[in-house]
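Student: If you scroll down you'll find the structure; I have some questions about it.
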Amino acid sequence: MTQRFSFELTATDGRARTGVISTPRGEIRTPAFMPVGTAGTVKAMLPENVRATGADILLGNTYHLMLRPTAERVARLGGLHRFMNWDRPILTDSGGFQVMSLADLRKLSEEGVTFRSHIDGSKHHLSPERSMEIQRLLGSDIVMAFDECPALPATEEAVAQSMRLSMRWARRSREAFGDRPGHALFGIMQGGVTRDLREESAAALREIGFEGYAIGGLAVGEGQEAMFGVLDYAPGFLPEDRPRYLMGVGKPDDIVGAVERGVDMMDCVLPSRSGRTGQAWTRRGQVNIKNARHMDDPRPLDEACSCPACRSYSRAYLHHVFRAQEIIASMLLTWHNLHYYQELMQGLRTAIAAGRLGEFVAAFHAARAEGDIEPL
């Protein structure tokens, strides 16, 4: 197994790419979807079951873990991999997005952000240096630079000022990260939906130099059309020989569109959160298992799916246990959703390698257009 971090492109089809990220903890096949293990767990899933869905890498959250159980405690207990029983790669975000969206009484300065915990009101400070320290204590394989995520809508001037602050923080993150063989630091492009700002941000990040590059500040309410508009040009501003990570995306059609535009990595809470709220993602779109139409339906969620929920349980059973608020409902629906997402990624990788992505995407949209199977 390699002792360093590397990325190899193995095939392209149009702007879409497939390849392999190599780390000391294993390979990550791209395009990759990363399930989110916010507080050291993918909710309702055992780590070995997450792996069984086909996931090569998980995402952990700096903000949540620094507050509870604390990064120092995780480090004393052997690091996040041992703590949560996941021996594959882990990517941790920098905490910036959660500070801006969850924390109370934020105070932003050139130095960093002071905020109060949304859990108990305790006061904390995050800076590029502290974020790098926390992620080092956690032991993550891929570390994200500390950035500011401006709330949208915002004026172009406000977005520009925020982006330039993030670029100064990116340089400080790079310096604080130091020399850590086998670990990678990703810079985060910002700039909202303005092409010139995105290009300026990418140029600043390339000058600093990172092992990978993220596209941040999207999937925050701007809509799919605006997001795809940015993705039509933003990946092209980044080095071809480094992974490109679109943060916080998303829905299956968002993922397919992002991959078509040259994105290599994505993460989102959607498949696990949807499972806990009775929503299943299938080849033919979304299924709301709460609906009464499923009450007497002996058929699986998706007859073509090989996950445990589809292999062994009916829609009627899933409807029943969800309505009865049984824990197994969250377990089975989350497993199904994560399995569906990983099957989608494998389909995209195979299609790109074969030069048949256009056919795959057409079939994907055709199946979704059919809608769910007819009620009995």
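Just so you know, glycine gets a Cβ as well, placed from its N, Cα and C.
Not my notes, these are from Swiss-Prot:
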type: ACT_SITE; residues: D93; note: active site, proton acceptor
type: ACT_SITE; residues: D267; note: active site, nucleophile
type: BINDING; residues: D93, S94, G95, G96, F97, D147, Q190, G217; note: substrate binding site
type: BINDING; residues: C305, C307, C310, H336; note: Zn(2+) binding site
type: REGION; residues: 248-254; note: region 'RNA binding'
Student: Using DSSP with the three-state reduction, classify S94 (substrate binding site) as helix, strand or coil.
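Tutor: Reduced to three states, the DSSP call for S94 (substrate binding site) is coil.
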Student: Which chain-mates of G95 (substrate binding site) that are at least 6 residues away have a CB under 8 A from its CB, listed by sequence?
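Tutor: Expected: N61, T62, Y63, M66, L126, S131, I134, F146.
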Student: Quick one: average pLDDT across the region 'RNA binding' (248-254), no decimals.
Tutor: 95
Student: Between G217 (substrate binding site) and D93 (active site, proton acceptor), find the distance joining the two CA atoms and give it rounded to the nearest Å.
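Tutor: D93 (active site, proton acceptor) has its Cα 13 Å from the Cα of G217 (substrate binding site).
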Student: Can you give me the residues near the recorded substrate site, meaning same chain, not D93, S94, G95, G96, F97, D147, Q190, G217 themselves, Cβ no more than 8 Å from the center of the site's Cβ atoms?
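Tutor: For the substrate site the neighbour list reads M100, M144, A145, F146, E148, C149, S166, I188, G216, M247.
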Student: Work through the binding-site residues one by one (C305, C310, H336) and name whichever has its CA nearest to the CA of S94 (substrate binding site).
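Tutor: Of all the candidates listed, H336 is nearest in space.
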Student: Based on DSSP, tally up the residues of the region 'RNA binding' (248-254) by helix, strand and coil.
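Tutor: Across the region 'RNA binding' (248-254), DSSP assigns the residues as follows: 3 helix, 0 strand, 4 coil.
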Student: From the centroid of the CB atoms of C305, C307, C310, H336, the recorded Zn(2+) site, which same-chain residues not already listed sit within 8 A by their CB, in sequence order?
Tutor: P300, L301, D302, S306, P308, A309, R311, W335, H339, Y340
Student: Using the structure shown, find which entry in C305, C307, C310 (the binding-site residues) has the sparsest Cβ neighbourhood within 10 Å.
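Tutor: Candidates: the binding-site residues C305, C307, C310. Fewest Cβ atoms within 10 Å: C305.
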Student: Reported as an integer number of Å, what is the Cα distance between the residue listed as 'active site, nucleophile' and the residue listed as 'active site, proton acceptor'?
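Tutor: Distance (Cα to Cα, whole Å): 11 Å.
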Student: For the substrate site made of D93, S94, G95, G96, F97, D147, Q190, G217, how many Å separate the two farthest Cα atoms?
Tutor: 15
